[in-house]
Amino acid sequence: MSRSEKGPNLTVKLSGVELKNPIMPASGTFGSGKEFEEYLNLNRLGMVVTKGVADVPWKGNATPRVAETYGGMLNSVGLQNPGSDHFIREDIPFLESYDTKTMVNIAGRSIEEYVGVVTALQHQPVDFLELNISCPNIKEGGVAFGTDVDMAYQVTKKVKEAAKQPLIVKLSPNVTDIVAVAKACEAAGADGISLINTLLGMKMDIKTRSPLLANTFGGLSGPAIKPVALRMVYQVAREINIPIIGIGGISTWEDALEFILAGATAVQVGTANFRNPRAMMEIIEGLENYLKEENIDGIEELIGAGHK
Ligand SMILES: Cc1cc2nc3c(=O)[nH]c(=O)nc-3n(C[C@H](O)[C@H](O)[C@H](O)COP(=O)(O)O)c2cc1C
């Protein structure tokens, strides 16, 4: 079949698995997709990425735990979730009713907790695991694993031993040397890297003259973090040989394309979903049009094409 009959080819291969296109939601901004069913067709997405799932229910942090900022938002939700048993019972059958790949985001406070969730998912119809070692909003574990090279190595290695699905490790930008952490995860057996999670920030309430978030600090997301995220994807892409999923402030197809040119095989859309629940559909259509107009056979040709 010629290209004109097939239409522009957005398929990408991520750690050996073919995705319809490189567009997926960022964890925690899309639930498991149910809330978005009326706005978009989940079958059109390259993959659905779930909210963070822990081994037992977590109640999250005290409120207020979200705040608006210039070009984005702060959140200190703290990975509130009903636990893996509930997830397997309620969310997996829902996701299975769609013809799209699924990636489950894994939360934990210790290596044992992470391994517990991954073990519970071993025989479930899940295509990828995304290990969140980068949440700035929980006291123990979480970001501590993602900001220490040795700990990032240890947790990746142990989780990989228990994992039956390809393992993507999600990195924190709250480090001085992102490349060192990415390399440690690759050496420990990660099948891919996703980056970035939120940047640690805060906001003052000038009326009460105290921090606005009950947790004092929160994670900054949205367009404001895009240049930092893009820089990190570019740097990591030069140094590792496993695929990268780019995340951070992506709201338009042009943003998504920038990350692909920087070396991302796929991208996640987070905060933009709150403002425009159809953002991912518009990004997919925008990329299709771009390929058509530029006469490019497939999006895979563009991965990393922006490196000099
Ligand atoms: C409200 C909210 C909840 C989030 N929950 C999670 C989560 O459960 N697990 C995770 O790995 N990242 C979580 N994140 C981080 C996002 O997945 C993403 O990495 C980050 O927001 C940057 O992308 P964005 O600028 O497109 O939002 C959350 C972000 C927000 C705003």
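Cβ atoms here come from the backbone N, Cα and C positions, even for glycine.
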If I go by TrEMBL, which of ASN132, ASN273, ASN276 binds substrate at the same site as LYS51, ASN75, SER76, VAL77, GLY78, LEU79, ASN197, THR198? ASN132
Hey, how far is ILE196 (FMN binding site) from LYS51 (substrate binding site), Cα to Cα, in Å? 15
Cβ neighbour count (within 10 Å, all chains shown) around ILE196 (FMN binding site): 27
What Cα-Cα separation, expressed in whole Å, is found between ASN132 (FMN binding site) and LYS51 (substrate binding site)? 10
Between SER76 (substrate binding site) and GLY52 (FMN binding site), how many Å separate their Cα atoms? 14
Across the domain 'Dihydroorotate dehydrogenase catalytic' (10-291), what does the pLDDT come to on average, as a whole number? 95
Name the secondary structure element type, per DSSP in three states, that contains LYS51 (substrate binding site). strand
